[in-house]
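Some features that Swiss-Prot has for this protein:
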type	residues	note
DOMAIN	34-260	domain 'ABC transporter'
BINDING	Gly66, Lys67, Ser68, Gly69, Cys70, Gly71, Lys72, Ser73	ATP binding site
Amino acid sequence: MTSIAHERFHAVAEEPAYARENAPAVSRSAPAAISLTGLEKSFGGNRVLRGINLHIPAGQFVAVIGKSGCGKSTLLRILMGLDEPSAGELHFEDADGAQASPNARIVFQEPRLLPWLSVADNVVVGLGDGVDSRAAAKAAEAVLAEVQLGEKTEEWPARLSGGQRQRVALARALISRPGVLALDEPLGALDALTRISMQELINRVWRELGFTAVLVTHDVSEAVHLADRVIVLDEGRIALDLPIPHPRPRRHGHPGLCELEGRLLAAILGTDGGH
């Protein structure tokens with residue numbers, strides 16, 4: 001039977017986590033490196049992931065793109081401990097290369113806010129149990145200010161726009177200051193201008209906090225704008241692993257970025273042979 005080196009770590013599916021440098025409730029988690037070797041996933045007779053070999057250095061921002069059904073979200077769920085691989089190995093490593101169990105959080109396309117809780121109380125959910133209530137409230141206030149919702153702490157989720165609700169979901173993920181943050185199509189339901197604003201926010205908090213980030217998206221432009229590296233999946237295999245060498249901040253429409261987008265689209269459509 002194939003060994004699955006995958007220690008269960010603290011990943012709250014509904015709530016991500018982060019907070020400001022001076023927030024008293026938690027300390028910043030060290031980013032973790034991620035290594036996949038021969039990773040497979042099947043549902044019945046359907047092989048969704050086929051021999052995935054991938055190393056993500058600590059602190060890197062990686063985007064995963066591809067056609068619907070290529071295995072993107074399945075890969076992310078396995079990374080976050082929400083699903084088990086059928087075969088292969090998954091390791092998280094600390095700065096010394098030793099196996100680690102990182103503080104990891106995930107943000108979904110649907111914010112999944114609790115309607116009976118205020119914005120601040122929704123964010124506090126991301127801390128889990130055992131945190132002093134005053135410290136938790138202070139941390140929530142700080143992280144909401146960081147995502148530019150400092151004036152919405154006592155608001156109800158139903159009164160927020162779609163973009164504001166997604167900012168709350170991001171704050172909930174960030175309040176625990178994760179070492180790994182997964183983003184599963186987090187901007188897919190937002191309008192174009194709100195998406196750009198959220199991209200800038202995600203880029204900023206990633207640069208400030210230094211966590212390892214894995215983004216799943218259908219948007220090639222979004223992937224190129226945010227990631228250090230873009231992985232194209234095709235029928236469960238890695239078809240292209242493309243570095244994005246451009247300095248940050250990146251301007252939408254930059255000719256060099258447009259060229260990279262073209263290469264990625266060709267790989268998705270299968271018109272470049274994966275090269």
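Here the Cβ of each residue, glycine as well, is placed from N, Cα and C on the backbone.
Ranking the binding-site residues Gly66, Gly69, Gly71 by how many other Cβ atoms lie within 10 angstroms of each Cβ puts Gly69 at the bottom. If you draw a 10 Å sphere around the CB of Ser73 (ATP binding site), it holds 19 other CB atoms from the protein chains shown. One residue stands out among the binding-site residues Lys67, Lys72 for having the most other Cβ atoms within 10 Å of its Cβ: Lys72. Neighbour counts were taken at the CB atom with a 10 A radius for the binding-site residues Ser68, Cys70; the maximum falls on Cys70. Taking the mean position of the Cβ atoms of Gly66, Lys67, Ser68, Gly69, Cys70, Gly71, Lys72, Ser73 as the ATP site, the remaining residues of that chain whose Cβ falls within 8 Å of it are Leu233.
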